[in-house]
């Protein structure tokens, strides 16, 4: 994760450097920067009109270029970057979509329940033609959409009862504007009552209603009172201009940032005394002044701070973000970081995409889970001070020159998505090249693996996980019994209720006690060694029957060793000692000595060496699985319940899926209170 985060930060650094390179190239070719001011006198009438349309100022009654130029100058300084963006937006002939409402609930959900936006809806009455024709409506939609105003069409034929209840008996235009200045307040619907059905007149009606929500100041006394007033708004933005009403982008932003930022329009058209403006630091008009608890900030002096909706929206979002803005930003960053796995992962193509899908799901799930407690904490009342300090930090950091560069780069790359994607792909290919070069010396098989090889390894892993789903918590390597004997796999599949049986791992078998059966006064070690050498021919078949616990044990051959033997130890085929019992009781009878639980023949029979047995094991001399007596030197294994069997027999029993004792049915993987053998009396003698 940290590697991907480093690569993502490196990518952002490359984007920052690339943007500076583009600026240098533009300066070399044209001789100006994006922040350089443009003289409106040198612009054509078409360019001036384009600037006014982007700012949202009407120019239908201004036929001369001089009047249009003066209106541009009154609305704010013009930069080269704003002029380029406005011309590019005009040349782009993209069709803007408009919503078609299906009924009352659809209309209520999108229009009346939306508290932070403006809607323009054309209502078409039953058996009537629309108020605005198709061509003019398309122009209207394109004109208002650049200010964040959403549009739609409601045909009363889809819900005539709702139209009658609303009083929409003829085709009309409806505008939805938030009624109050608080966030998530009530919505007010206004109907167009003008006679002229033209785009410019309708647009003036929209901007007039939107501007009515902005507080307007007409004299210096009112300005002094408002400037020194402290209310709920921590951030206020003032527009000092000689205009009849604020531009449309300013009014649209006031709706979008309802409850977060207060927008105030100061009309200085008829002011005689502007001394108080000089006292608060406003020396020219028009000026966009941002007032925060930390001080005054003049918007338009840094990189990317254009007089447009998109630029000011990005600026205000960085100063006064919502929780949703932070969530969207974290979602974008997390997914960009997750996509780095497509280039970091080496090997088959299918492997890359499988890892990518897994990473995307994991990262997004963790992001959503981590945001849930954050949202809960933000609702607590005693965290208001923490929230205020966080916003103060945002305001301090985002009013710097570096932050203005970052915002300018964000607007540039978001308006050129092909460039953003191509640079991300190029950065990923470079990462892939260096990762492949680094891993080639370490793991050639991983780098050169094809799709079929990787799918085969994936299937092997999946089957291993399927039959051993519970990981062992013990510190020893895991060797599967399925790999050693495929017949166990076929035997397991033979059960029709395979998925009804709980799959219990066989790891515990490795920890069961193992020792050798010895008889007192039995055959000497030379005879035992000779018998072991005679049984060398059967070693391969015997080794396949021994579980993995035998192969991983110690090679110690002492009689009192209670852990698994090494691979070199075989099952003993020595001559049997004649100490076979007639029965092997599961529980010793009270009062009997625990030295043996069987009867022995008196003539020449050797007694078993019980000292070599683990103290918690019951004494017996017969295996109830194969019904054969224990032989001198044979491997024995005990279960937690205390019963003892041939090691070979009990492993085959447990590996077959019967995880219980053959005698008492106690679970072979569960611990049991160990049995303590009673101490023999001093006068007791072996029979």
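Cβ coordinates come from backbone N, Cα and C, glycine included.
Looking at 410-431, 432-453, 454-475, the range tied to transmembrane segment in TrEMBL is 410-431. Feature transmembrane segment, per TrEMBL, maps to range 353-378 of the set 353-378, 379-404, 483-508, 509-534. TrEMBL lists transmembrane segment for one of the ranges 307-325, 326-344, 535-553, 554-572, namely 326-344. Here the domain 'RING-type' (623-665) has, by DSSP, the following mix of helix, strand and coil residues: 9 helix, 11 strand, 23 coil. Per-residue confidence over the domain 'RING-type' (623-665) averages out at a pLDDT of 89.
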